[in-house]
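Each remark here refers to the structure printed beneath this line.
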Amino acid sequence: MQTLRQQQPIVPSSPGHDPFLIVENVSKIYETPKGPYTVLDGVNLTVQEGEFICVIGHSGCGKSTLLNMVSGFNQPSHGSVRLKGKEIDRPGPDRMVVFQNYALLPWMTAYENVYLAVDCVNPQMREGEKREIVREHLAMVGLTEAAEKKITQISGGMKQRVAIARALSIRPEVLILDEPFGALDAITKEELQEELLKIWNDHRCTVLMITHDIDEALFLADRLVMMTNGPAANIGEIMTIPFPRPRDRERIMEDPQYYDLRNYALDFLYNRFAHDDE
C-alpha cells in the first residue's frame with residue numbers, strides 16, 4: 001500500500017508553480033489558565049486542484065482546527081496556509097463550508113437559504129440569473145419539489161442537501177465538509193455520498209472532508225489524511241486510495257485491496273494511535 005509520511009518535503013505540482021493548496025509547518029497554540037496548549041504541531045499538507053481529500057482521526061486531534069484555518073475562520077500560530085499562492089487570513093467565497101448541523105436559517109425556505117448566499121456574493125448579478133443559479137443547484141441535489149418548504153418542514157437528509165446546494169451555488173474553489181453526514185441514518189448517508197461524488201465529478205472543485213467513517217473515506221477520497229492524537233497532533237500518514245473513478249460501491253467492496261486499506265486505517269487509529277481510554 002502506498003502511504004506518505006507526514007514530514008515529506010512540499011513538492012510543487014509543476015516547475016515554478018505551487019500546488020493549489022499548501023499547509024506549511026502549521027502549528028496552533030491556545031493560551032489557557034494552565035499555560036499554552038498546542039493543538040497542532042508542524043503540520044504539512046499539499047493538495048492539488050480538484051482533489052478529494054478526507055481527514056480522519058480521533059476526537060480532539062485537531063481535524064476541525066486544521067480545516068478552520070483553511071476556511072479562514074482561524075489563523076495558525078506558526079506557519080502558513082496558502083491557496084493559489086495567496087495567504088489565507090480570513091473567510092472568503094472561494095471557500096465554502098458545510099457543517100454537520102446544517103447551519104441553515106430555519107424561518108426561510110430551502111430556496112431562500114440558497115438565494116441568500118448567491119445574492120450576498122453576487123449583489124450586482126441580474127435577478128433572473130440569481131434565480132436560475134438557485135433553481136439549478138436545488139435541482140442538482142434533488143430538491144426542486146421541496147424548494148418552497150421551510151427548513152423546519154424537511155428531513156435531516158434534505159437539510160444537508162440544501163446546505164450542499166447553498167455552498168456550491170457560489171461556485172467555490174474549495175468545498176470544506178465537516179462531518180456532513182455524521183448525523184444521518186445509514187441509508188440516507190449512502191445516498192448523499194453517491195450524490196456528493198456525482199456533484200463533485202461535475203463541478204471538480206477541491207474537497208476537504210472530515211469524517212470518522214473509514215468506509216466513507218475509502219469510497220469518496222483520492223487520499224486519506226490520518227491524524228495522530230492530540231495534543232500537539234500531526235499528520236501521521238497519508239494513504240493514497242487507488243480505486244478508479246467513477247466509483248461503484250459494490251465493485252470497490254468486492255476488491256481485496258479495499259479490506260487491506262480498511263484494516264490498515266483501523267490499525268492506525270485503534271492500535272498505533274489508540275486513545276488512552278481505549
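Indices start at 1 and increase along the chain as displayed.
Just so it is clear, glycine is given a Cβ too, placed from its N, Cα and C backbone atoms.
Summarising the annotation, Swiss-Prot assigns ATP binding site to G57, H58, S59, G60, C61, G62, K63, S64. What Swiss-Prot lists as domain 'ABC transporter' is 21-254.
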Hey, does DSSP put S59 (ATP binding site) in a helix, a strand, or just coil?
coil
For ATP, what surrounds G57, H58, S59, G60, C61, G62, K63, S64 with a Cβ no more than 8 Å from their Cβ centroid?
T65, M227, N229, G230, A233
Looking at the domain 'ABC transporter' (21-254) alone, can you tell me the average pLDDT?
95
Looking at the binding-site residues S59, S64, which one has the fewest other Cβ atoms within 10 Å of its own Cβ?
S59
Out of H58, K63, give me whichever of these binding-site residues has the highest number of other Cβ atoms within 10 Å.
K63
Indicate the candidate from G57, G60, G62 with the smallest number of other Cβ atoms within 10 Å of its Cβ, considering only these binding-site residues.
G60
